[in-house]
Amino acid sequence: MVGALKRALKDLSGDLDQMYFKSLARMERALRPKRLDILKKLLLWITWGQRPLSIAELGHALAIHPGIQGIDEDGILPIREITTWSAGLLFIDSSDFVKVIHPTTSRFFLEHRDKIYPKGDSTIAHDCLHYLNIEILREPLSGPDQRSLFILRRKAYPLLEYAVLHSFKHAVRSYEKDDDNRAVGFLLSDARRSFVRAMYYLDPEWSIEADASAIHIAVYLGLTDVVSILIDEGEDVDAQDFFGATPLMYAAEWGNEGLPELKSLLDAEADASITCNVGSTALIRAVVLDAESLITRLLRGSDVNINAVPSGGSNSSALITSIKSASPSIVNKLVARTDVDVNLPDDGKVGGLTPLHIAVIWRNIPAMKHLLAHKDIVVDSTEREQGWTPLYCCAQYGYAECMELLLDHGANLNHQDSYQVTALMRAVDKDAQRAVELLIKHGMDVKRRDFLGRTVLHSAAVNRSSGTMEYFLKDVPDIEMDAQGDSGETPLHDSCKNLDPLGVSLLVDAGARCDIKDNEGRTPVDIATIKKRPDILELLKKAEGYSNTVGVHIKKTLREAVIADPSEVLQVRIANVSLEEINTSSAFTGTPLHEACRFGRADVVGMLLHAGADIELANSFGRTPICTAIEFGHLDCLRVLLDYGADVQKSPFKDITLWEHAWAYGQRDIALALIGHGARLDKSSGYLQNALHQAAYEDNIAVVRRVVQAGASIHQKMSGYTAIDWAESQEATAVLEYFATLDGEEA
């Protein structure tokens, strides 16, 4: 049955082919030679074209001849009329594109075009290059608004887009050897500059507006034979474009498809150690694309600058990049290099995340094994911000299998981070019971305390980690059930604050006391009462010491009140409390001002600041109220803080500003507000270009001016679009007017 169906389809296909051949023969008999030649050229463009072409495009295509210097609009052939000569094979759609009448027609031409219209790719490649050599199209654009001038040029020469984007695709597919020489001649001519500018406007992937070398363009377009000819002609194989990228880097960005060009360049002694303006290399580009063939070829060289680290957050070293995205065999190849630094941090600075940290974070077990087998690996390297080791990262993410590998290689079990938090506490935070049990099995000290005097049981309570809490209470005899932190709080206090009935129940059943007071004189019963949780109060009635708490009435602290009390009530209370109470800070959350910022109560933020709240007072983790507003995404609170003089330059982080912190948190509106308020900018920031694009989109002229002055480029593309594109899409008048005034690089 299936065989019969296939034969029937084959017979039908053959019948259709015969029908189309007869249609072509009928056209040849019916048309005079001149008309037939015109129709054949039209059909050649349609059958060999990379995409459907419009009436306007085809009008110019049919007007091209060798040595053409301009288009005579009066001499443009009538494409609509010509399609009527096609015996019904062609039609014009509602958008004025000329197309074949049916999918079977398209299949017929695709299968038989080599026979019907031989040398189609070569013909179109020649025509496109003739078109691009028209005198006016060779002339560089000049003046303050070159973008608008290009739009006018594109409108006047409708085939320009096709010629720019597709001419060399036809040249690559052509079997005519002379086509390579034609391409070389064009790329070495003065027409190249206009071609590059046109590519910038038309090709989302092309980012160079000024000139680029012929060999850069040839590699970018995948012109393998042209690259070889240019090398033989003496073109500089190490030429660097506006961004410092070499042809070798361009080849690497093709992935494994770029291997022929890469081989030609390396055979010509191209320097693989060169870095671009942001410090990236050809090797890093190849690793990003997991291009193993390219990487293998590059690694044959003696110097590939294997330890280069790009700046501004644009990728990491080749080794770290491979751990994040490449296959294990690539990681192995890089680790096997004698010149690789297996402990080099992600930012190239002492105290950054090492390859081993990254392997843990990405849960890349094969990469961990390759690294741990290296003679120079440092198992307990610490990152500078919080003092995390790779083992600590395992605990943070609950990766027991990674943890076991590190412990087998001698990782320090009892390391404490900058806040004296242990790996066990971090594993408890995630309720990662397998990791917790593994650490205790290896002898982890459960009695260690962090910088706030808190234990692992506090960690379980504050994070609602019921599985590990139950494990501690039942299976760990040394656990301190009623241990108090520096603020006097027990794990039962924490479970009550977190409104966690299960945690309360586990602690009460294990014998936890409910009459212990914290430094504010609160018992767990007091907290449950203030939180208005009768279900938790009912559980606490069974706890040790409950009888000692009956009849005690506790008033909310100001820090608790600012969370939900009505504004009019708070206004009266804030006006009548002492400055000491206004600035009283808790271990975790900080002052009432921190809490108002956390819950987005901008009016209360204003009341507290008016009453004298310390705007720069940090909580135990070094966060000021402005950090809290950023991290919880409350722009209205931030604006109040800025109005009262909050310091936009004061960051609790060693290598990141507040506005960058906001951007990293996804708070773009807050980041722009901080920039607009004078936050420090640096050209090396990995977010500077993003900020320009966002500000241009929002027509935020003040921020646009600042980031451009700091070094962001209005012409650099991100995801195929420039800042100018975004401004134009939103009709951002003020920004566009400013862009028009820029000169030099920003012209």
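Using the three backbone atoms N, Cα and C, a Cβ is placed for every residue, glycine included.
Some features that TrEMBL has for this protein:
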type: DOMAIN; residues: 26-111; note: domain 'GPI inositol-deacylase winged helix'
type: REPEAT; residues: 210-242; note: repeat 'ANK'
type: REPEAT; residues: 386-418; note: repeat 'ANK'
type: REPEAT; residues: 487-519; note: repeat 'ANK'
type: REPEAT; residues: 588-620; note: repeat 'ANK'
type: REPEAT; residues: 621-653; note: repeat 'ANK'
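Proximity of distant same-chain residues to the repeat 'ANK' (386-418), defined by a Cβ-Cβ separation under 8 Å and at least 6 residues beyond the stretch ends, is recorded for 354, 356-357, 359-361, 363, 365, 368-369, 372, 377, 379-380, 424-427, 429-432, 434-435, 438-439, 442-445, 448, 450.
Per DSSP, the repeat 'ANK' (210-242) is made up of 16 helix, 0 strand, 17 coil. The average pLDDT computed over the repeat 'ANK' (210-242) stands at 96.
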